[in-house]
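According to TrEMBL, the features are:
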REGION    1-89  region 'Disordered'
COMPBIAS  24-34  compositional bias 'Basic and acidic residues'
COMPBIAS  44-54  compositional bias 'Pro residues'
COMPBIAS  55-86  compositional bias 'Low complexity'
BINDING   Cys122, His137, His295, Cys299  Zn(2+) binding site
Amino acid sequence: MSVATAKPVSETRSILGPAGNRVRVSEEPKRKSDNNTIKKPQRPRNPVPVPKIPEPVVRNNGSVDSSCSSDSSSSGGSSAKKSASSTKPVRRVGFKAAKVVPDNVVSATLSPPKISGPPKRCDWITTHSDPNYTSFHDEEWGVPVYDDGKLFELLVFSQALAELSWPAILNKRDTFRKLFENFVPSTIAQFTEKKLMSLKVNGSLLLSEPKLRAVVENAKQMLKVQQEFGSFSNYCWSFVNHKPIRNGFRYARQVPVKTPKADHISKDLMQRGFRCVGPTVVYSFMQVAGIVNDHLLTCFRYQECNSNLKKDLKPKIEDTQVLTDALENTC
């Protein structure tokens, strides 16, 4: 009778270790189990994409398997060619080429050429204007005036504009000065009726009879103003704080005929007994006496009148202050 032999069961065996006798499990089964486990295949990573080299570059560089020295030299040459070919002048829109001039060098092209010809004047002065009227515009009109005799003459001319034009008045200017005794207020104030009716030119009166009587009456009132304010100039310039008004108009249609300031001066003059001094007459007087600068901005006289003002304003203000102090002391 045959007996089946049983397989020996692996038993744990004691292993003598440095820390004493301990029972350890044999590692052989573990190792076998490790060997029996099948490792999962790892997926290959995505390869780094290699940039494609253009065919012209490959041809210039030669073979890919060439030596390092030849490869580096050929690649350097090809990159230089590539950069040279890719570099193109950039055209900028909206910019203009500027000429660079070094320092301390004056270029004749920088300053625009001066146009020779007559200076630009106000629009009411044309090439067909009367020469006396043009000279009056270029030399007197708009220039600040501070002399009492000159101011009285300009006031008479402004009153005469109701009957005559500026060219006609300027052509008779010598006659006006002769008949009105050079516009000395004290002399004109003593004109009699006979003297007044003798102010004729070619058998006709220089001005209408009401205008002539107004000139004599205004001369009398001017003497009173001089006694009160020290001078007629001080009285007139006090309305604008002794500084002329600069309007700076560009077109002749913008120049007014009268202003609120002229209306205020006109009312004050009439309250003092002056005649024929409406707002229109007063504003014409302000323009010609330089109390207001109504030269157009395009006229060359606009800036010249302002420069004359800077030169003449300081001494006139000092004289006015002296007169004011004297009047205060007298009062």
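Quick reminder: no glycine exception, Cβ is built from N, Cα and C everywhere.
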At a 10 Å cut-off from the C-beta of His137 (Zn(2+) binding site), count the other C-beta atoms across all protein chains.
19
Packing count at Cys299 (Zn(2+) binding site) (other Cβ atoms within 10 Å of its Cβ):
21
Other than Cys122, His137, His295, Cys299, which residues of the chain come within 8 Å of the Zn(2+) site, judged by Cβ distance to the Cβ centroid of those residues?
Arg121, Trp124, Ile125, Trp141, Gly142, Leu296, Phe300, Arg301, Tyr302
His295 (Zn(2+) binding site) has its Cβ surrounded, within 10 angstroms, by a count of other Cβ atoms equal to 25
